[in-house]
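Feature annotations, reproduced from Swiss-Prot:
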TRANSMEM  9-29  transmembrane segment
TRANSMEM  46-66  transmembrane segment
TRANSMEM  80-100  transmembrane segment
TRANSMEM  121-141  transmembrane segment
TRANSMEM  149-169  transmembrane segment
TRANSMEM  196-216  transmembrane segment
TRANSMEM  227-247  transmembrane segment
TRANSMEM  284-304  transmembrane segment
TRANSMEM  321-341  transmembrane segment
TRANSMEM  348-368  transmembrane segment
TRANSMEM  378-398  transmembrane segment
TRANSMEM  414-434  transmembrane segment
Amino acid sequence: MSKKVSASYIIIIGLMLFALFFGAGNLIFPPMLGQLAGKNVWVANAGFLVTGVGLPLLAITAFVFSGKQNLQSLASRVHPVFGIVFTTILYLAIGPFFAIPRSGNVSFEIGVKPFLSNDASPVSLIIFTILFFALACLLSLNPSKIIDIVGKFLTPIKLTFIGLLVAVALIRPIGTIQAPSKGYTSQAFFKGFQEGYLTLDALVAFVFGIIIVNALKEQGASTKKQLIVVCAKAAAIAAVLLAVMYTALSYMGASSVEELGILENGAEVLAKVSSYYFGSYGSILLGLMITVACLTTSVGLITACSSFFHELFPNISYKKIAVVLSVFSTLVANIGLTQLIKVSMPVLLTMYPIAISLIFLTFLHSVFKGKTEVYQGSLLFAFIISLFDGLKAAGIKIEVVNRIFTQILPMYNIGLGWLIPAIAGGICGYILSIFRTKTS
């Protein structure tokens with residue numbers, strides 16, 4: 001029998017969602033957005049909140065709504081092979097390709113680089129990442145409550161310090177907001193919309209959804225309706241907190257340009273703003289907190305990805321996979337944070353439209369009676385367009401295709417050219433399913 005989930009526990013779940021999404025790695029994007037957007041910071045931030053806050057929480061709700069046990073079973077609604085391929089690519093993105101290396105980069109940029117001389121050699125990054133990921137690997141191979149205790153203890157301190165930092169920045173801004181940089185002078189909302197992809201949160205949300213469902217079931221929530229309602233309420237709490245923090249961080253970045261100039265990445269912005277307000281002690285405290293927070297994130301991601309790939313390839317041991325992921329992440333991290341962000345954008349521009357389409361089709365599943373053709377048509381059309389978006393972002397421009405897409409696809413120039421084709425593909429798929437039913 002289903003039990004009522006208390007309001008206090010819903011708040012706890014909401015705070016847990018906030019803590020899960022407001023990771024150390026994601027702190028770097030709003031300040032950089034603010035720096036580049038300048039006087040258009042509020043418009044750009046609104047776009048960022050859509051994909052950096054709204055979409056991830058919508059993804060979690062969609063996962064709960066689907067009633068599935070994991071992402072692979074949900075994605076298999078498109079096709080079993082797609083389920084495996086999409087889930088594998090997603091775990092690679094939130095694992096050794098981007099998210100795990102990024103955690104090491106952010107730790108270095110905030111916890112180590114500010115204390116090095118300007119002419120420090122790249123060897124310092126190599127040494128740091130080897131030590132960082134060796135420790136992360138060791139902890140993932142030997143599961144211990146220590147990492148959970150440190151995480152639980154550190155999270156409130158980290159949030160308090162970041163909250164204090166942005167509060168001071170709001171009360172006593174470093175300087176006045178400057179003119180927007182190139183790329184944010186027009187269509188700043190859609191630029192911010194795409195920048196929200198960099199958080200990877202809409203992809204990670206499918207994994208977090210499993211955690212939320214299990215937590216709610218332990219509290220006695222068993223019916224699908226109850227799970228959805230409770231999840232939606234918890235998501236709303238997390239959304240408000242995330243929106244407030246991201247907006248404050250964006251403003252902090254925007255107001256820092258007059259004094260600090262345009263910096264290389266968001267980690268550098270955080271480090272220099274912290275040093276500006278709190279001196280060297282503030283920089284040391286921020287560096288320690290971010291480094292430990294990123295370490296716990298890395299351990300969690302290595303563990304989750306290793307478990308997934310071990311299930312996919314049971315003949316390869318969990319420990320071997322964890323070691324390979326750690327070594328690979330070390331290599332990737334040494335291209336540097338700024339370059340890693342640049343490399344990740346083309347991939348995310350290709351992946352996100354597919355993920356967004358899957359989210360909305362999940363909510364509409366009963367409307368089109370779960371017909372496979374609808375999923376396949378919508379995601380195929382979205383993928384074709386998003387693939388060219390990704391290629392364009394990577395500097396591979398096929399002028400003929402870009403010219404045709406610009407002429408025939410609404411919103412193609414702002415990165416949303418896939419939207420109408422995704423809808424059209426779903427409609428075509430539905431018509432095809434009716435035709436197949438009649439001819440069978």
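The backbone N, Cα and C atoms fix where each Cβ goes, and this holds for glycine too.
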Dominant neighbour of the transmembrane segment (46-66) in 80-100, 149-169, 227-247, 321-341, 348-368, by Cβ pairs under 8 Å: 227-247
Selection from 227-247, 348-368, 378-398, the stretch that has most Cβ pairs under 8 A to the transmembrane segment (196-216): 348-368
Contact call for the transmembrane segment (121-141) and the transmembrane segment (348-368): at least 3 Cβ pairs under 8 Å, seq gap 6+: no
Chain residues outside the transmembrane segment (149-169) and at least six past its termini with a C-beta under 8 angstroms from it: 19, 22, 24, 27, 245, 248-249, 251-252, 255-256, 273-274, 277-278, 285-286, 289-290, 292-293, 296
Top partner of the transmembrane segment (321-341) among 80-100, 284-304, 348-368 - counted as Cβ pairs under 8 Å: 80-100
Same-chain residue ranges lying at least 6 outside the transmembrane segment (414-434) that approach it to Cβ under 8 Å: 187, 190, 193-194, 349, 353, 357, 361, 368, 371-382, 384-386, 389, 405
